[in-house]
Each structure stands twice: as structure tokens, then as C-alpha cells.
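According to TrEMBL, the protein has these features:
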type	residues	note
DOMAIN	5-209	domain 'YjeF N-terminal'
BINDING	58-62, 123-129, D152, A251, G305, H355, D418	(6S)-NADPHX binding site
BINDING	N59, D119, S155	K(+) binding site
DOMAIN	216-474	domain 'YjeF C-terminal'
BINDING	K388, G389, D390, A391, T392, G417	AMP binding site
Amino acid sequence: MIGLSTVAEVRAAEDVLLAATREGALMQRAATGLATVCLRLLGRAHGTRATLLVGGGNNGGDALFAGAHLAARGARVTAVLLDPARAHPAGLAALRRAGGRVAGPDGDDGLDRADLVLDGIVGIGGRGGLRPEAARLAQRAATGPGLTVAVDVPSGVDADTGAVGGAAFPALHTVTFGAVKPGLVVGEGRGYAGTVHLVDIGLGPHLAPARAHQLTDADVAVHLEPPGPGDDKYSRGVVGVVAGSAAYPGAGVLCTGAALRTRPGLVRHAGPAGDAVRTAWPEVIVTDGGPGEAGRVQAWVVGPGAGTDDAARRVLAEVLATDLPVVVDADALTLAAREPALVRGRGAPTVLTPHDREFARFGEPPGADRIGSARRLAADLGAVVLLKGDATVVAGPDGTAFVNATGTSDLATAGSGDVLSGILGSLLATGAPAAEAAAAAAHLHGRAGQVAAAAGPIVAGDLVRRLPETVGRVRGTGLPDSEA
Ligand SMILES: NC(=O)C1=CN([C@@H]2O[C@H](COP(=O)(O)OP(=O)(O)OC[C@H]3O[C@@H](n4cnc5c(N)ncnc54)[C@H](OP(=O)(O)O)[C@@H]3O)[C@@H](O)[C@H]2O)[C@@H](O)CC1
Ligand SMILES: [K+]
């Protein structure tokens, strides 16, 4: 698992470490790591041109020292000082010693022909969107030829939430120090951070345990172990699905198919889409009656394509009245938002899987702080909330949170959510903790999207078809994790 640490957590750990190390040592570690990543990205230093955008804090200091490393290896480095009187003095001296130059107020900043632009405008000390002069330089960097690399955090991005209050630096890569900050991987910030590279500066032992995480393939593989010799079709958890209707039978087919393909054992289906499910998946045990007639299960999925009429409401209430884990998806979310008491009083885990509009039905839209919003709704309802998005967020009622790392825009296709809820039901039926099962389901769903999209445009059925191969990859060598 990759821990996501807030600014307060990073600052607290830094205070301890700063007191135990010689002055400037941490910045040297950060700048050396930064220069190393830049050299790897550029392929060489000699003959390249780099422009440093330097603010008046330590983030600018990092950029200046890294620029000095590059200049010492033959790069032509130009520093643009946004606050000349406060530019890091030792960093500035190091850059000058190594042959770097400083552009005056109206001088040539080199942005029009740079190979590399380092954003050291502001790091974790930033507040709000970029100020006008910084915004203008960030805009020029975005349209110029240079590879854009953010130092610690893309300037203008809130490191804790990913919120972008105005202009921000659009980085293709972000080199971050000590710990990955949530704002680099969630919300709008994810789009500004690009590929995240973590540089170890020795903060780890001093960091408080993170309250938000990203899962890796290895974390998810734990939930996807193949059956052992002692297993039978019941022993690893049976999932029940109430999805689809006469009008939308496909939701039932996709949801049961995804449950079956994730962890084959036994899947039961109840409700009016039975004929379509029987035809598509002869392996599924189907009843045309209600959930009570389906037989024993260890977890329910309810809602996809199920409608919001009285009958659908009765089915939802029946399933939520059990002492089993329940995934509440799609139409069932609309019903649950009307009657949150159905969810609030439960003893067993409930997982709600809203997209933004469904989330808003429970009160307010998620806004720019997606982790915070998901946590608030989870605590309010006593349920796990899986908030779908570019980077899906999962929050538990106790504040545990996960940000998915495998999302791809190829998943924005009809029926994709039905596949996710089927995967999730299958993992919940094993008895896995609900928040982690939800995060694992989002991870696997994203990987299935990546696997399927490698062959071209995808529809939701492709996700189901490619699930066995995806599970194999996640268990085995897998696709590369993010560099974080
Ligand atoms: N501590 C450590 O151990 C280590 C820290 N390290 C590094 O230090 C960084 C934190 O440094 P920091 O605390 O000096 O703050 P920093 O991010 O440079 O920002 C302050 C400056 O930004 C300005 N500014 C603010 N908002 C702005 C805006 N919207 N638009 C434009 N400007 C804005 C603000 O101006 P002011 O508000 O004061 O006028 C001030 O000049 C951290 O991210 C990491 O890179 C590494 O070396 C590893 C060791
Ligand atoms: K920055």
C-alpha cells in the first residue's frame, strides 16, 4: 500500500527529522533526488536547457539546488526569481557557482526553447491558486517546448485535497519528497501532477500512519487467491445479485457476469431479468422471485437497472434488513438517498457506489475535496462510500480512505458501473473488510479497463470478458504500478 500523507503529517515528521539532521541536509536529499529524476527524464544534461521557476520559499530552494546539479553536468540553466529578495540564498549561490544564470525582471527566461521547466514556485506552503505573475509563467511553460516537472507539488494545487483554486502549473511529472500527498492523485490535482515520482528523504520512520492509501496489484492479489484443495463452490462466499429489469436486462447480465468472472464459485440472481441472465450465464442460479427466494448468500448487490418503483424499494428494504454486506448501486442509490434510514441503522457493512450526481442526492455535490466529502457521507450514514471518478475514492465511516490508481477514461462507458458492483459483490462475499474490498474492486475494474482498452475501444462486456486475464495479471507479474 502507498500511504498518502497530508501537509500537516509531512510537516510534523519534518520537524522531528530537521532537528536530528544537519542544517540543509534534507533539502540536499530532496534536490539530489529531483536532479536524478530530471536527468533520467532528459536522458542527458550536457547541451540541454533548463528554466527554473523559483518562488520565495524552500520549494524554490529545491529547484535552485537541483538546477545547480544540472548546471554542473553541462546544462544551461536559467533561474526566474518570482520574489528575488526572498530567493533561497544558499540555493542561489550554488546555482551561480555551477554556472547557472539568473534572468532579470525583463530578461530572457529561456521558456521558449527550454528542454526542461522546473516548477519551484510554491510547494506545501502554498495557499490558493497562483498569483498573476506565477500564473503567466505557468501558462507559458504549458505552451512551451520544455518537459514540465513540478517540485514536490504542482504550484497552485492544494496538496491535501487536489483542489485547484485558479491557475496551476501543468506538470507532466511531479517529483515529491518524503511521502505522496493526496492532492497529487485525486481530484483536479491528479491531472496537473502527471506521473508521480517519490524521493525518499528519510521521513518514513517519523510519519504518522497514513489515513489514506493507494492499493498496488500485490495488495489486491491477496483478495484474488485461487481456490485451495479444500474449497468447494460454497466455501469462498456466495454472492447474490438483484439487478436488471424487463426494461434493462443487460445490467443484470453484466453485474452477474462480473461477479462470476472475478472469483468463480457461486452466484445467485433474483428478479425480473432472470431470463436474460440464464441465457448469458448458465452457471448462475436464477430465481424469478425476490431475494428471499434466492437461497443463502454471503453478500448482496442491489440496484443496477432495477428501477425506482415500489417493487424496487421493497427489494432494497428486504436486502438491507439482512445481516449481510450489501452493495447499493445505481437505482438503489436514488432510493437510499430518499430514505437514508434504511442504511443508517444497519449492523452489517453497506457499500454505496455513487457517481457525482448520485452522491449529490444524499445532500451536497462532492465539490473539490473528494476524499473529505466521501468521508463525511460515510460517517453520516455509517457506510462505506465509493465515490466514482477519474480517481475513484473509497471512504469508510471511521475515516479510512483509499484513492484508486488504475482509473482510465475508457471506463466511461454504459454498463461499466454494473461491472464494478458485480466485482465488488464478489469480493465482499469473501468476508473482506468492506472499505478494502471496495478499493480492491475499483483497482481491478481499472486494470480490466486498461487490459481491454489495449486492444481498442471498449464496451462494458469487454471488461467482463477480460476479467480472468486481468485477475491473472494482478496475481502475477501484473501491469506496472504507478511510479509512486
Ligand atoms: N521542510 C523540509 O524539511 C523540506 C522542505 N522541502 C521543500 O520545501 C517546501 C515547503 O517550503 P516552504 O514551507 O518554505 O513553503 P513553499 O512551498 O516554498 O511556499 C512558500 C512560498 O510560496 C509563496 N506562495 C504561497 N502561496 C502562493 C501562491 N498561491 N502563488 C504564488 N506564491 C505563493 C509564499 O509567498 P508569501 O505568501 O510568503 O508572500 C512563499 O514565498 C516543500 O514543498 C518542499 O519543496 C524540501 O526541501 C525537503 C525538506
Ligand atoms: K512546485
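Here, residue 1 is simply the first one shown, and the rest follow in order.
Yeah, the Cβs are placed from backbone N, Cα and C, and that goes for glycine too.
As the structure is a computational prediction, the values presented were derived from the model and not from experiment.
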Query: In DSSP terms, helix, strand or coil for D119 (K(+) binding site)?
result: strand
Query: If the AMP site is taken as the center of the Cβ atoms of K388, G389, D390, A391, T392, G417, which further residues of that chain fall within 8 Å of it by their Cβ?
result: H355, L387, V393, N404, G407, L411, A442
- request: Taking ligand 1 as the reference, state which of the binding-site residues N58, N59, R127, D152, K388, T392 have a Cβ closer than 6 Å to one of its atoms.
  value: N58, N59, R127, D152
Statement: The answer for which binding-site residues (N58, N59, K388, G417) have a CB under 6 A from ligand 2 is N59
Query: Three-state secondary structure of N59 (K(+) binding site) from DSSP?
result: helix
Residue among binding-site residues H355, G389, D390 with Cα closest to the Cα of D119 (K(+) binding site): D390
R127 ((6S)-NADPHX binding site) in three-state DSSP notation: coil
Query: 10 Å Cβ neighbour count around A391 (AMP binding site)?
result: 24
Statement: Counting Cβ atoms within 10 Å of each Cβ, the densest environment among the binding-site residues D119, D152, D390 belongs to D119
